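Feature annotations, courtesy of TrEMBL:
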type: DOMAIN; residues: 84-146; note: domain 'Anoctamin dimerisation'
type: DOMAIN; residues: 149-714; note: domain 'Anoctamin transmembrane'
type: TRANSMEM; residues: 157-186; note: transmembrane segment
type: TRANSMEM; residues: 237-255; note: transmembrane segment
type: TRANSMEM; residues: 302-327; note: transmembrane segment
type: TRANSMEM; residues: 347-367; note: transmembrane segment
type: TRANSMEM; residues: 388-411; note: transmembrane segment
type: TRANSMEM; residues: 520-546; note: transmembrane segment
type: TRANSMEM; residues: 567-594; note: transmembrane segment
């Protein structure tokens, strides 16, 4: 047999004859031989065992999973099964073969009896992928050969790339709209009445930003910051947030239609995962008894407690990031470098975002190892994968968004007021929002994390497999130079191919899960806080064009062949994406209502501005908003331990300063304006979310999940099966 007829290769170290590991290895191989497997041994620096399953195993599989109408044919009918099906069946038998010591392959790998097991790549098929313009960079915008992907990697990988391609295609529409909103924001950069007032406020003296001799500062010093804020925080933000809520729904509904069309073409629309797994269990062991469905409230309670502990840890990490920003802000304001001192807040935000990114990278590596052990006992591989997906996604979601949630909804709202600041450990006071709002801080945080994830992380993701692959290639034994007259020893044709496959990077059971997780987290960034970062769809679109080719090159050239999995959808990821769509509506509604200054400005325009009296029709209705949003504070009311700088002469005579809040001058209690704004924020949030959710539901109803053509194909198939079954019914003679 040549190298392409071997279904799997097992790799083992060379153990001493008679050792415990050698005996265990022999017992396992003997069990495979009893099942009719052909085994070939090749010795190099490692022991390689090629295994080939007997044909009757695949005929049994075909017979068991035929449609009821076709089971009347003989089970000896010969029809070749696809290579992906062969690999999947052989992998299942290898993983579930039990030795006399009641040990499976996974147990033997833990005990170092076997090092690894993998299916072989196919040389001709690898060339097809290159010819079909998939696994190479220069064809980055070409259509993907989904049918070829399915024939080589199986339906699950094919559906992943089909979903990723569809997601990227529709991201193009969202990115055009996002870029348009961003460009409009740039064009009106200096036209905002609010930013104009901030730039002209050269007599408005603001409270110090820290306790240790931080200077009083003029509001006009933050002119540039105010202009950038208006570039992000304008009327277009509301429209874009609503658009993205609708886009997320339409994307998922159109994907459901696309998926239904694809799996119907593959004849997998009504495929049953449980039935296939039961069939493979019976092929492996005819006496197998199915594992019953079980539910343990005790185990479920433990899972919930573990999740709560996990979330508590992540909240602690977010708290540590908050402390860093507070301490960094205090240190940067006292820096000897003028640039850092003048832009202390921005530098603290950017460095905090970089630290948050590093936290994400570290926790991404830690979380799968910490959460894989589980008290649950799932019945099938799909259930195990679903449980794993929910836990890891929850962990990663809080890791990625904990700091963003703090900036969006808590920054500047729980810090107290001058004379009564809220402090961390009774020492460092919490940060404040800029007079023009906190949305720029959220923009900087999202931009920093997104750009780092889509540049540095992708670079590492591509570079590490290449470096590992090249390093392994250098360790391969070189061919010996022949002495004159010496004949070259004939080398087994399988040896070099098996070695080259072994040198590739290892894949694991959840390799595809990692790719899905990366894209779903990116989808979260693209939708949930998109109101604060309209460029998120643009960056995601560019990233995905690269990601498709990156994943293709890794799978074809740099990794061992993945065990093909059959599937007719993307699994629980669809429910995760739908949950993210609802979170996107809530998140963007909260950003506009709480983080943005959109609502306070509207309240001022229609309640307190000069336009209310109707006297100044030519005046911008937001004129005077900045003074209206600031409160006065008497310096003598600062806490005793507040170390103030030397005061300016003019300022010393006044003895007052200002800060951003709606508070009375006498007792610093909330003013009526505060409650007006609070009520308007709440009303807008309820209205926005109800309108957006109604539009989402209408869009979901308007776009059917399954195309009519697919329904008609299924209807015709059912009708045809019933007609065939009717032929076997002998009519009674009267």
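Cβ atoms are placed via backbone N, Cα and C, with glycine included.
The transmembrane segment (520-546) and the transmembrane segment (237-255) are in contact, since at least 3 Cβ pairs between them lie under 8 Å (pairs 6 or more apart in sequence). Per-class residue totals from DSSP over the domain 'Anoctamin dimerisation' (84-146), listed helix then strand then coil: 32 helix, 3 strand, 28 coil. In the predicted model, the domain 'Anoctamin dimerisation' (84-146) has a mean pLDDT of 87.
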